[in-house]
Amino acid sequence: MGRFLFVASSACWFVFLSLSGAKGNNCPQDWLPMNGLCYKIFNELKAWKDAEMFCRKYKPGCHLASIHLYGESPEIAEYISDYHKGQSEVWIGLCDKKKDFSWEWTDRSCTDYLSWDKNQPDHYQNKEFCVELVSNTGYRLWNDQVCESKNAFLCQCKF
């Protein structure tokens, strides 16, 4: 009997902790919760810098999204496919400020994962220094693009 109570109480404690963690996410409706952050696609077309400024003004600590694991890509791609109204590419927070193929995230997190489309990045005509998710790859692969191009964009925030 004592062993059963221990197992039952341990199981209840595990369920409680699991539910507490899920609730602690607090992402608003139509945002994607993932790894303690919330992601939202904005369909308004903006240049990369304007998109980053929009994310920062939306809520302190928000930025264009950074992607750090292969496992995050399919979830983000599915979310964008569900909520993106249009065919444009989607800005993320990766850029090459130094214009020397040293890519950095706007949230200053480590550049520990890259998912370039075929033959990318190429800095085509020495003009492409901002990164977009490519629509014809299902938003899974990246392309460097002219920063003044107008795209939808993906913000990440902590709520």
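In case you wondered, yes, glycine gets a Cβ from its N, Cα and C as well.
Only one of C12, C27, C55, C62 is recorded by Swiss-Prot as the disulfide partner of C157: C62. In Swiss-Prot, C155 is paired through a disulphide bond with C55, chosen from C27, C38, C55, C95. Annotation in Swiss-Prot places C130 in a disulphide bond whose other cysteine, of C110, C147, is C147. Cα-Cα distance from D144 (Ca(2+) binding site) to C157 (disulfide bond): 23 Å (rounded to the nearest whole number).
By a simple count of nearby Cβ atoms, those within 10 Å, the most crowded of the recorded positions E104, D144 is D144.
Summarising model confidence by region, the domain 'C-type lectin' (34-156) averages a pLDDT of 97.
Among the recorded positions C27, C62, S109, D122, E128, C157, the ones whose Cα sits within 10 Å of the Cα of C147 (disulfide bond) are E128. The DSSP breakdown of the domain 'C-type lectin' (34-156) into helical (H, G, I), extended (E, B) and coil residues amounts to 29 helix, 39 strand, 55 coil. Ranked by Cβ neighbours within 10 A across all protein chains shown, the binding-site residues D122, E128 are led by E128.
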